[in-house]
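Peer 1: Swiss-Prot feature annotations, pasted as is:
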BINDING   LEU121, GLY125, HIS126, LEU127, SER355, PRO356, PHE357  (6S)-5,6,7,8-tetrahydrofolate binding site
SITE      HIS228  site 'Plays an important role in substrate specificity'
MOD_RES   LYS229  N6-(pyridoxal phosphate)lysine
Amino acid sequence: MLKREMNIADYDAELWQAMEQEKVRQEEHIELIASENYTSPRVMQAQGSQLTNKYAEGYPGKRYYGGCEYVDVVEQLAIDRAKELFGADYANVQPHSGSQANFAVYTALLQPGDTVLGMNLAQGGHLTHGSPVNFSGKLYNIIPYGIDESGKIDYDDMAKQAQEHKPKMIIGGFSAYSGIVDWAKMREIADSIGAYLFVDMAHVAGLIAAGVYPNPVPHAHVVTTTTHKTLAGPRGGLILAKGGSEELYKKLNSAVFPSAQGGPLMHVIAAKAVALKEAMEPEFKVYQQQVAKNAKAMVEVFLNRGYKVVSGGTENHLFLLDLVDKNLTGKEADAALGRANITVNKNSVPNDPKSPFVTSGIRIGSPAVTRRGFKEAEVKELAGWMCDVLDNINDEAVIERVKGKVLDICARFPVYA
């Protein structure tokens with residue numbers, strides 16, 4: 001018999017210590033990785049529920065196992081909320097991750113060897129949009145598009161590449177692009193050659209849900225997203241579509257199960273349902289508006305301190321600092337800021353002379369600090385501290401002084417009060 005009072009601390013001290021240390025790290029470090037965020041206790045409650053015990057291969061009302069009457073309710077809630085939130089008429093909430101969701105879309109719509117037009121990873125794209133080290137780059141003939149000299153997506157080049165190579169699919173979406181994407185223009189280019197438009201909106205899903213960033217769902221044939229990042233839910237994936245055929249939706253469902261996955265993670269799907277409900281609340285819109293304001297406020301400080309920001313600004317939650325002119329590598333900047341309890345990630349910049357393991361830039365995002373309650377005043381102060389560290393990257397006294405300020409502001413703005 002399993003006793004409810006069982007706990008990790010009394011059973012596995014070594015593991016518990018690591019978990020507790022991570023909890024402290026999250027409270028005492030400022031998180032600026034653009035893809036990270038903090039889930040609500042409600043989301044974590046769902047993930048730690050008894051739903052983790054239930055196998056439920058199939059879809060609501062069409063399961064391969066008995067005893068699914070309640071998990072059917074859970075999954076249908078998640079499906080209905082996803083459709084309502086993003087204005088879709090199809091949703092699949094089962095993908096275990098954004099990459100799994102993307103894989104399912106490729107499986108449903110393409111054959112190995114088909115030509116695909118995707119954003120260059122070095123200019124803001126994502127691994128699953130055609131990187132040669134990823135399944136997408138191994139299975140398909142990838143033609144990259146990129147950005148122009150101003151740092152904006154080059155739609156003329158995209159249209160030219162589309163006409164020349166006649167891809168079966170064009171991918172919209174990014175992991176390190178700070179501008180507004182013209183989804184309608186992308187659909188126009190796709191329609192001109194009879195291609196699918198597939199949008200991966202993982203990074204901006206929360207902003208889109210709140211009406212702060214344009215929604216691709218009315219324009220794309222298929223859309224995927226993660227449920228964490230700006231959406232602030234559990235780690236997982238989601239597929240959406242609007243105006244498609246039942247045949248398309250059946251292909252997408254089959255590409256998730258049974259093609260790519262077996263049993264869905266019902267505890268995670270419950271957590272997705274919670275997060276989607278939270279994203280419908282008025283305070284979520286206020287939060288996302290502040291995310292965008294905070295990113296702009298940080299950019300202003302970096303520019304005033306003489307740092308180069310790729311594309312000159314941001315229209316979403318993230319931006320890239322180009323450190324080439326400062327003779328700094330992303331790896332060095334990442335490490336120095338980390339010693340000051342400020343977490344970022346090194347990131348390649350356009351025409352980067354360094355390898356992806358070193359890079360010449362860092363990516364900065366505002367979702368997590370905004371979740372803590374930071375507003376413009378706090379993020380401007382934070383950006384100034386970051387400049388102090390980068391200006392004095394080998395001065396441990398400066399780094400320690402900034403670390404003290406970070407610990408103080410983290411205590412004033414706890415993640416979980």
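Cβ coordinates come from backbone N, Cα and C, glycine included.
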Peer 1: Based on the record's binding annotation for (6S)-5,6,7,8-tetrahydrofolate (LEU121, GLY125, HIS126, LEU127, SER355, PRO356, PHE357), what whole-number value in Å is the widest Cα to Cα distance?
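Peer 2: About 17 Å separates the two most distant Cα atoms.
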Peer 1: Output the one of LEU127, SER355 that, of all these binding-site residues, has the highest number of other Cβ atoms within 10 Å of its Cβ.
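Peer 2: Result of the Cβ crowding comparison: LEU127.
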Peer 1: If you run the three-state DSSP split on LEU127 ((6S)-5,6,7,8-tetrahydrofolate binding site), which class comes out?
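Peer 2: Going by the DSSP assignment, LEU127 ((6S)-5,6,7,8-tetrahydrofolate binding site) falls within a helical segment, counted as helix.
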Peer 1: Just name the winner among GLY125, PRO356 (the binding-site residues) by count of other CB atoms within 10 A of its CB.
Peer 2: GLY125
Peer 1: Would you mind pulling the DSSP three-state label for the residue listed as 'N6-(pyridoxal phosphate)lysine'?
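Peer 2: In three-state terms, the residue listed as 'N6-(pyridoxal phosphate)lysine' counts as helix.
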Peer 1: Quick one, of the recorded positions LEU121, HIS228, LYS229, PHE357, which Cβ has the fewest other Cβ within 10 Å?
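Peer 2: Minimum Cβ neighbour count within 10 Å, taken over the recorded positions LEU121, HIS228, LYS229, PHE357, occurs at PHE357.
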Peer 1: Using the alpha carbons only, what distance in Å do you get between SER355 ((6S)-5,6,7,8-tetrahydrofolate binding site) and HIS228 (site 'Plays an important role in substrate specificity') once rounded?
Peer 2: 28
Peer 1: Take the Cβ of HIS126 ((6S)-5,6,7,8-tetrahydrofolate binding site) and count every other Cβ within 10 Å, whichever protein chain it belongs to.
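Peer 2: 24, counting other Cβ atoms within 10 Å of HIS126 ((6S)-5,6,7,8-tetrahydrofolate binding site).
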